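Feature list (source: Swiss-Prot):
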- C167: active site (ACT_SITE)
- K57, F58, K59, R60, L270, G308, G309, R310: substrate binding site (BINDING)
Amino acid sequence: MGGVDFEGFRKLQRADGFASILAIGTANPPNAVDQSTYPDFYFRITGNEHNTELKDKFKRICERSAIKQRYMYLTEEILKKNPDVCAFVEVPSLDARQAMLAMEVPRLAKEAAEKAIQEWGQSKSGITHLIFCSTTTPDLPGADFEVAKLLGLHPSVKRVGVFQHGCFAGGTVLRMAKDLAENNRGARVLVICSETTAVTFRGPSETHLDSLVGQALFGDGASALIVGADPIPQVEKACFEIVWTAQTVVPNSEGAIGGKVREVGLTFQLKGAVPDLISANIENCMVEAFSQFKISDWNKLFWVVHPGGRAILDRVEAKLNLDPTKLIPTRHVMSEYGNMSSACVHFILDQTRKASLQNGCSTTGEGLEMGVLFGFGPGLTIETVVLKSVPIQ
């Protein structure tokens, strides 16, 4: 009696092609915040209008941020009902914050996911895996469980939670989705990132200017993607292929970006050296990623860069001698939404393909064949994703 052909079985489980992004959906809370008037609101709602010198400093930070507006769950009404959230670190507020997050993170995730599923055009019963990412939900079972329930996904959907990773995780989930899609023939992976500032919002402090900078940068948003290999002809349409991925920790960067969950919520630290640390290491990441494709002209690529702040984008652009047009989609998303942590790069991917179509480009990557996506975050960690565009027909 012949033995089981385990090798043949293993090969049958593998997809033939690269993982492809088959759909993208995004969502934001309805509350749009104008950056030009936010300093007045922020210092009034936190009871710090008397501190005019610090308020003027915050105004200058907002003016230099290159952000026009952001979307936030926290409205004046919500903050008035939860005054402890408006303190810096003087009073506990974690319970109040978590009560908000337990509702808002899954709700925003569901909205983005439904848009992605609608664009995909297939039954949600075809979703085999769920990767759920958030920096804001410590409950058990996790928000991945709640979102699967809200969407009515099949009980057998294989869930993975990516929690407490921060801003680089938009690249992390693409790396994970690639591995799942390419190693499980027929897999369709729903990837969701849902982030809200309800866990980090707090009043100003003269001794913690990094916290003040964060209050000027971050916004709320959720992204959702359908990822799968070997798109079904005439049924599914890829917008990008995920070709190669990597993660690296920047040397001598410990403590540059970090956060700690305490009774007062999630506090974060942002050192001023972050833009220089990223720009000093970005070229090594590019060489590692693209030498295998014999590409060394970075202007022949389309670019998706996590907008951790204006200074980071300026330093990366200068270090790599990028044409200013390369970061237009990235700067557009930063301007219109602020820093939405892990969800940002997916908003930029969506903007890139839409702008490519509107501008009459031949591919979803601004008429170019290949591109790069970068996520930056705590560690200091850099995620690198090599992408291939698809023709626009």
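Backbone N, Cα and C atoms are what each Cβ position is placed from, and that goes for glycine too.
Around K59 (substrate binding site), taking its Cβ as the centre, 17 other Cβ atoms fall within 10 Å, counting all chains.
Across the residues annotated as binding substrate (K57, F58, K59, R60, L270, G308, G309, R310), the widest Cα-Cα separation comes to 20 Å. If you take the C-beta of F58 (substrate binding site) and look for same-chain residues 6 or more apart in sequence within under 8 angstroms, you find P39, Y42, F43, P204, L212, Q215, A216. With respect to Cβ neighbours within 10 Å, the binding-site residues G308, G309 differ, and G309 shows the lowest count. Counting every protein chain shown, the number of other Cβ atoms lying within 10 Å of the Cβ of C167 (active site) is 26. Closest by Cα distance to C167 (active site), from the binding-site residues R60, L270, G308, R310, is G308.
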